[in-house]
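Q: Quick one: this structure, given as structure tokens, is what I'll be asking you about.
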Amino acid sequence: MATGKEKNAKNPMSLLIVLMAGLFLAILNQTLLNVAMPHLMTEFGVSATTIQWLTTGYMLVNGVLIPLSAFLITRFGQRSLFLVAMFCFTLGTLVCGIAPNFSTMLIGRLIQAVGGGILQPLVMTTILLIFPPESRGKGMGIFGLAMMFAPAVGPTLSGWIIEHYTWRIMFYGLVPIGAIVIIVAFFIFKNMVEPQKIKLDTLGAILSIVGFASLLYGVSEAGSDGWTDPIVLSTVIIGAIAIVAFVVQQLRHDDPMLDFRVFKYDIFSLSSVINIIITVALYTGMFLLPIYLQNLVGFTALQSGLLLLPGAIVMLIMSPISGILFDKFGPRPLAIIGLLVTVVTTYQYTQLTIDTPYTHIMLIYSIRAFGMSLLMMPVMTAGMNQLPARLNSHGTAMSNTLRQISGSIGTSLITTIYTNRTTFHYSQIADKTSTADPNFLHAFQNAVSNLMVNMNVSYDTAKTYVYSHIYKHASLDSNVMGINDAFMWATLFCVAGLILSIFLRDVRKDKLRKKKKEELSLLPAPKEAKES
């Protein structure tokens, strides 16, 4: 009788399409919601701080479940877990769509998060089981399509929906697709490995939940409240202590819930560090570009989304291709080329002005998307290929946990840099516009006089208007310079990643050399062969 792995291996692409559809919906939904936040504030009559809990709550549930995913996969099997995850996500999406108030909306988001938090490591683990290391790049390339294309196309789609329809369509539209994925998966998805009746490590689970939830909450609040805020400091410290205790406890455990011994494998450790750097760079663009395009330049959500659309198309095309290239050339060439492109294009964003052409930003973003598409999945696959099959679920859980944490910390750090540098530049501009400066005073008086003549207004009115104009431009210019400085830090992160990528190697060749060496050791020595 064929095993579940053999049945799935007969037609892996059909199963892969179903898995990608489910994962794509979960990731796309997060991007769609970000654009809808202002409309939800108006609809439910809540503040920006309150509405942010739709994102914070989702992130916290994700942060708790992802480290537990290795245990859940082993205990319940891939098939049951995928069906439950998709059911939770689809149910939560429906609740969000019909939500009459904010409380119901938040409940829907938390239900969604239960499914979304499990899907990413689960899908990744399943791909590792379906595809052998020599052809794994192709499968991971398609996995990267959902990971990178969904957040890239989300702003365009959500901007178009909000401009022409109600925000509820963003949720209603996902429900039937989610239902179809559940039905198809029910019939074609078989367990790769049979579930094992293992016990939950209660202490480890408590330490994990307290640690990751506290750290993620503290870091997410640091972006708005600052790192010196008492609540931010206390939650980050509690989270850090609990995570250290969790690591020590897991290393001493005979059957760890999350096996930190995966870091004994050098390429997995190296690829994890590079992926942390890439994640920070990716989140920098996702966070800062909408601020620049919408808050400073004045584009609509749809215009901003359309600017990002060519980059999304590049990712759509390149993600599967990068997987094929990985299978042929290995990780190092792709990582070096991808990071070179990412370094150059990220640096280009340090040169933004309030008048930077729309097409120039679009071109840079598209080229940057090309570089990113060569990076994320090949680098991650290189690390996963080094792990033995028994550690696959632990490796995917670890990779996704690090991605979640680095994304949150990266966003908070970039927010802090952007805010602090904006304040610094504003104070510098204010110093230059001091009335004690004779050059400024002369220019200011000329502007006031010209305005009085051209608009036929009083001196006080003209003076107020000129001051308002100066402060407005000072605010715009300082914000743009703050964004440029934040992108400079992201560029330096990418340079560090580029240096590290030189040390990547293709572990498939290591395994091949080891196999040949073992085969040669079994051959008789030349003298023995001659005598026989």
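Glycine too: its Cβ is placed from the backbone N, Cα and C atoms.
Pulled these from Swiss-Prot:
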- 13-33: transmembrane segment (TRANSMEM)
- 53-73: transmembrane segment (TRANSMEM)
- 80-100: transmembrane segment (TRANSMEM)
- 111-131: transmembrane segment (TRANSMEM)
- 169-189: transmembrane segment (TRANSMEM)
- 203-223: transmembrane segment (TRANSMEM)
- 231-251: transmembrane segment (TRANSMEM)
- 273-293: transmembrane segment (TRANSMEM)
- 306-326: transmembrane segment (TRANSMEM)
- 334-354: transmembrane segment (TRANSMEM)
- 361-381: transmembrane segment (TRANSMEM)
- 483-503: transmembrane segment (TRANSMEM)
Q: Where among 13-33, 231-251, 334-354, 361-381 do we find the most Cβ pairs under 8 Å to the transmembrane segment (111-131)?
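A: Stretch with maximum Cβ contacts: 13-33.
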Q: Using a threshold of three or more Cβ pairs below 8 Å, and leaving out pairs closer than 6 in sequence, do the transmembrane segment (306-326) and the transmembrane segment (361-381) count as in contact?
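A: The answer is yes, given that the two segments have at least 3 Cβ pairs within the 8 Å cut-off.
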Q: Below 8 Å between Cβ atoms, which of the listed ranges 13-33, 306-326, 334-354 makes the most pairs with the transmembrane segment (169-189)?
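A: Counting Cβ pairs under 8 Å, the winner is 13-33.
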Q: So which residues does the transmembrane segment (13-33) touch in its own chain, when a touch means Cβ under 8 Å and the partner is 6 or more beyond its ends?
A: 54-55, 58, 82, 85-86, 89, 93, 109, 112, 115-116, 119-120, 123, 126-127, 130, 139, 142-143, 145-147, 149-151, 153-155, 157-158, 161, 170-171, 174, 177-178, 180-181, 184-185, 188-189
Q: Restricting to the same chain and to residues at least six past its boundaries, which positions have a Cβ under 8 Å from a Cβ of the transmembrane segment (231-251)?
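A: For the transmembrane segment (231-251), the nonlocal Cβ contacts are 201, 203-204, 207-208, 210-219, 221-222, 225, 257-261.
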